[in-house]
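Pulled from TrEMBL, these are the features on record:
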SIGNAL    1-21  signal peptide
DOMAIN    48-146  domain 'Plastocyanin-like'
DOMAIN    157-284  domain 'Plastocyanin-like'
DOMAIN    368-485  domain 'Plastocyanin-like'
Amino acid sequence: MFETAFLSYVAALSLSRHALAAVVSDTLTISNVALSPDGFSRSTVLANGPLITGNIGDNFQINVVDQLTDTTMRRATSIHWHGIFQARSNEMDGPAWVNQCPIIPGNSFLYNFNVFGQSGTYWYHSHDSTQYCDGLRGALVLYDPNDPLASMYDVDDANTADPNPDSTLINGLGRYDGGPTESALAVVNVIAGQRYRFRIVSTSCYPSFTFSIDGHNMTVIEADGTETQPLTVDSLVIFSSQRYSVVVTANQAVDNYWIRAEPSVGTTGFANGINSGILRYAGAPDADPTTRQGTGGVALNEANLVPLINPGAPGEPIPGGIDLALNMLIQFVCFIRSAYREQSKLFTFFIGHLTGKHTVNGVSWAVPNVPVLLQILHGTTDPTDLLPAGSIYTLPGNSTIEISLPGAFPHPIHLHGHNFDVVRVAGRSEYNYANPVRRDTVNIGGASDNVTFRFTTNNAGPWYMHCHIDWHLEGGLAVVFTEDTAGVASANTVNAAWNDLCPDYANNGPDTAFE
């Protein structure tokens, strides 16, 4: 079972912009709801009113209330603010057992953090096991009153809904193969002649989707919260947890046009409106489009995305021009199980009853009993003593780090606490130190690839790096970088409510059956 959701945003930026930093307060009540957005009913985990907006520099105070009751699903939760650096607030990053203990049912926790110097398109989601695949996610948009690309579009508003599993959903609506064709599709309404900023967010639990709009090209102006030099394409591949802003000009005849998001696996194609939404011009009938998908055209090449501001990777613009290089070899270790024996080897065979684990440098991530941050705050700073053993890497502060990820499968790898400059992208053998794409989630490509990125350790704390295909994370495809370990306690001051999370979970944790 897989899921896809794309959130496109289109309307009234001026209403929410203001020059001074402000406090953005909200409450997310997490509950179980039975929904059928594509015509197939199932139990979900949802937050009320998923869209959160603010401005660059704002302080966010989001109270998360756990009201989960379905005992067939996980009932504890935690929320990650995807792409937010959490400078000096590592304890607010959200991943369970890395930065906090989960919130138990009946309790709440106030996430309090600042978004220094960040604008663009982000999102939030559960970071406790695979819970976000059951629907706990929403969009987070940070506006910049001085957006350097504002002259390129006329309209940028928020139009979204909760995504849910089992089929490709656009703004939370869709159809599934063999399901009812009368199921509603997402409709993006436009007026001829206007230029629209679409904020496309892949909240999927599975690899990638090819996004396009019949009869319209798109100008990319943002990737994962970083403004880019404008680049016009006809289609783009977006991987799990990535975001793009594109400008679409409503310059075609008044009509309905298919918005397409074709998955890389599972049920592909667009028969009866699956994997689709509708771009509807004012004056067009309330009907499914009859447009045809274009052939050829310009597909987005990630190597052509250039940061608009301050391009260039840290370190010296040469191979080895960094302080520390780490090679992260990702493998899938497969097990053959029988009544008489169990053996393991690299996944190069297809016999017997197979199960397995993902590993990074030979070690599969295993959830520790105590969050990594709490271990550090209690005085454990030697990486050989931090748990889980073999999955913790210590990074020196104020240094340039280079991470290499030899490919094998297009895993979307996300680093918490930072964005990074991808000096070698998937599909390329050359290195670009002058103006590489800058983002926080990258596809590591296939067997011939060696995707490489650089970043600067200027944000003390333990930071997760993991595959964003959530069952790959559940299967062990993760590590933690403890950055400037000696400086973590002074850089991150935890409060009493955070300190209470672990005792509360230890005494009342509802999810031991899943652990």
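In case you wondered, yes, glycine gets a Cβ from its N, Cα and C as well.
Unlike curated records, TrEMBL annotations are generated automatically.
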PLDDT averaged over the residues of the domain 'Plastocyanin-like' (48-146): 95
DSSP-assigned states of the domain 'Plastocyanin-like' (48-146) in counts, ordered helix, strand, coil: 7 helix, 41 strand, 51 coil
Number of helical, extended and coil residues in the domain 'Plastocyanin-like' (368-485), per DSSP: 12 helix, 46 strand, 60 coil
